[in-house]
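One structure is given here, and the rest of the page talks about it.
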Amino acid sequence: MLQADDKGIRRAAEIIQQGGLVGIPTETVYGLAGNALNGSVSRKIFAAKGRPSDNPLIVHIAAEEEARPLVKEFPEPARKLAAAYWPGPLTMVLPKSELVPMETSGGLSTVAVRLPAHPVANRLIRACGCPLAAPSGNLSGRPSPTTARHMLHDMDGRIDAILDGGPCGVGVESTVLALAEQKPRLLRPGGVTLEMLQRVVGAVTVDPAVLHKLADGAQAASPGMKYKHYAPKAKVILVKGTAERYREFVNSKKAPGVGALCFDEDQHLLKVPSVPYGSGNDSAAQARELFDALRELDERQEIQLVYARCPEPEGVGMAVYNRLIRAAGFEVITL
Ligand code: AMP
Ligand code: MG
């Protein structure tokens, strides 16, 4: 574990320049970072995460101009969005240049690029002198890490170091927007909301896989969306309904092994073991706390079946809903 001070950042940069892998803080979640322009480093990232190699990596840069050599063109909507939301939790998918190895782009002709707002990430990228491929630093399928401790739990012995920059502010991964086609298309909701995108570029299509299960055999626009993700060991079922109905329902299911993933204000009224993930009217708090709550469920051996309170899928809540419905394997009960 490295402190996120000058010395720690210098050490992390040396490791990355030598082809190693370092866990890094960003404002969204912790990333597993290596030189994005070296295909063999990207292969090591896939191996460390146990990630299928057709699930592309996001390339992180430290200044907007650094996006240009990575892409064939940086069209007008990309320029406007960069001006509005970079640095920040927005990833743009654009046609890639020859500079980006096929390993990094998961075999696709496009590349996902982001300029993170976290000062440690920014200083590290500058110190490395190359863009960093940095997928979320979890083992494939597990909730993304929002603290250095989460990352150590998943990656101990698999990577060279972790820079500890404290807990992440946003708590869910970046918004992913495809700009390589006619109309901008939202592939993954995140901290930059649909409304924020629409304000800058007008109409944005929401890919059906954001809110619904992909039909069997359907092609995923964002390869990451076809894989099981975020699931704790316990079975999770998402429960839609009012606060009262949720409490009544969960209390009626009281039995050994049953637990709840609820809003803060539900907790004292529930008669089963529960883990809260923020207040019902605070989507930003839900986003910040969700992955830690999912990991805590894994530590609570007594809980094998989790009834999760459904968040309001508006604003940042769309990102929370998108992650939770995947954690639940799309199993939903409407009260
Ligand atoms: P992670 O790095 O774990 O935050 O996941 C990155 C997400 O971005 C995954 O869901 C990928 O499928 C998606 N992604 C990365 N590159 C591309 C791309 N070129 N086209 C579409 N989706 C991408
Ligand atoms: Mg991930």
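Along the chain as shown, the residues are counted starting at 1.
The backbone N, Cα and C atoms fix where each Cβ goes, glycine too.
Feature list (source: TrEMBL):
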type: DOMAIN; residues: 6-192; note: domain 'YrdC-like'
type: BINDING; residues: Thr28, His60, Arg114, Ala134, Ser174; note: L-threonine binding site
type: BINDING; residues: Arg51, Asn55, Thr110, Ser136, Ser144, Arg188, Tyr230; note: ATP binding site
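Structure with TrEMBL features highlighted.
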residue: Thr28; record: L-threonine binding site; Cβ within 10 Å: 31
residue: His60; record: L-threonine binding site; Cβ within 10 Å: 27
residue: Thr110; record: ATP binding site; Cβ within 10 Å: 20
residue: Arg114; record: L-threonine binding site; Cβ within 10 Å: 27
residue: Ala134; record: L-threonine binding site; Cβ within 10 Å: 28
residue: Ser136; record: ATP binding site; Cβ within 10 Å: 28
residue: Ser144; record: ATP binding site; Cβ within 10 Å: 26
residue: Ser174; record: L-threonine binding site; Cβ within 10 Å: 27
residue: Arg188; record: ATP binding site; Cβ within 10 Å: 24
residue: Tyr230; record: ATP binding site; Cβ within 10 Å: 22
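Compute the center of the Cβ atoms of Thr28, His60, Arg114, Ala134, Ser174, which mark the site for L-threonine; besides them, the chain residues with Cβ within 8 Å of that center are Thr26, Gly31, Ile58, Pro89, Thr91, Pro116, Ala121, Glu173. Ligand 1 lies under 6 Å from the Cβ of the following binding-site residues, listed in sequence order from Asn55, Arg114, Ser136, Ser144: Asn55, Ser136.
Burial estimate for the binding-site residues (Arg51, Asn55): highest at Arg51, by number of other CB atoms within 10 Å.
Summarising model confidence by region, the domain 'YrdC-like' (6-192) averages a pLDDT of 97. Among the binding-site residues Thr110, Ser136, Ser174, Arg188, the residues whose Cβ lies under 6 Å from any atom of ligand 2 are, in sequence order, Ser136.
DSSP assigns Thr110 (ATP binding site) to a strand in the three-state reduction.
The two recorded residues Arg188 (ATP binding site) and Ser174 (L-threonine binding site) have their Cα atoms spaced 8 Å from each other. A separation of roughly 15 Å, to the nearest angstrom, links the Cα atoms of Thr28 (L-threonine binding site) and Tyr230 (ATP binding site). The shortest Cα-Cα distance between Ser136 (ATP binding site) and any of the binding-site residues His60, Arg114, Ser174 is the one to Ser174. Rounded to the nearest whole angstrom, the C-alpha distance between Thr110 (ATP binding site) and His60 (L-threonine binding site) is 15.
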